[in-house]
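One structure coming up, written as structure tokens, with questions to follow.
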Amino acid sequence: MRLAVNIDHIATLRNARNEGHPDPVEAALLAEKHGAAGIVCHLREDRRHIKDDDLARLREEITTKLDLEMAMTDEMQKIALSVRPDLVTLVPEKREELTTEGGFAIQKHFTRLTEFVKPLRDKEIGVSVFIEPEEEAIELAAEAGANIVEFHTGTYSLCTSDKQTAYELERIRNSARIAREMGLTVVAGHGLSVLNIAPFKELHDIEEVSIGHAIISRAVFIGLPAAIQEILDLIRR
């Protein structure tokens, strides 16, 4: 199983002082050096952490793959077509939220999604949709032209009992199998950490996990390389 590291909150820390450090690009290069298979950044409409210049520099400097999380807007599509990340992950976005709070409302926005995906795929940019692990959402993502789905694991991460945890894991497992049978690459992310990631090692239809806040917050105490290694030790098959 691969690990993609989200470096948004390196930028959050930098922006607290509006100075140049810590540099998210430097963090991305360090993450790659220590085992990250990809770098994730979310260019929000309000630019609350990652800035346009960060994205441009990431595209120039990283050597694994660049996953640009973004809202489904004309502005973001234009940026993606210009910067040419390896893939984009389409996420719901609300200005008042602290972090992405759930999966993309794919049923509601299906027609627009289909139109939005095509120019990106025509430029050989992979398209992932951040969805709940549900069969209908998977089918619609594939029908819209996405080649990747990322399952929102926030519900799983908030489970407070063994029964709840087992139910959510089985829901994710079954959804991953369905997605793989449709030819989609399957990623999982949101709320994953050293406290709850271990069972994902056995979910063989999930190829990659995307983790940001848990790694960056842990890195404050033990350093970024060690924080990444903790996760890798738990997910390597």
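Just so you know, glycine gets a Cβ as well, placed from its N, Cα and C.
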Of N6, N174, which one shares the 3-amino-2-oxopropyl phosphate site with R17, G191, G212, H213 in Swiss-Prot?
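Between N6, N174, Swiss-Prot records just one in the 3-amino-2-oxopropyl phosphate site with R17, G191, G212, H213, namely N6.
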Hey, of H9, R17, H190, H213, which of those recorded positions are within 10 Å of E69 (active site, proton acceptor), Cα to Cα?
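Of everything listed, nothing lies within 10 Å of E69 (active site, proton acceptor) (Cα to Cα).
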Neighbour count, 10 Å Cβ-Cβ cut-off, for G191 (3-amino-2-oxopropyl phosphate binding site): what number do you get?
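A 10 Å sphere around the Cβ of G191 (3-amino-2-oxopropyl phosphate binding site) contains 19 other Cβ atoms.
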Between H9, R17, R44, which of the binding-site residues has the fewest other CB atoms within 10 angstroms in the structure shown?
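Looking at the binding-site residues H9, R17, R44, the Cβ with the fewest others within 10 Å is that of R17.
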Show which residues of the chain containing D8 (1-deoxy-D-xylulose 5-phosphate binding site), separated from it by at least 6 in sequence, have their CB under 8 Å from its CB.
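Set apart from D8 (1-deoxy-D-xylulose 5-phosphate binding site) by at least 6 residues yet with Cβ under 8 Å, we have P24, V40, C41, H42, H49, I50, G212.
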Just to verify: the residue among E69, E150 with the fewest other Cβ atoms within 10 Å, which of the recorded positions is it?
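Comparing Cβ neighbour counts within 10 Å for the recorded positions E69, E150 gives E69.
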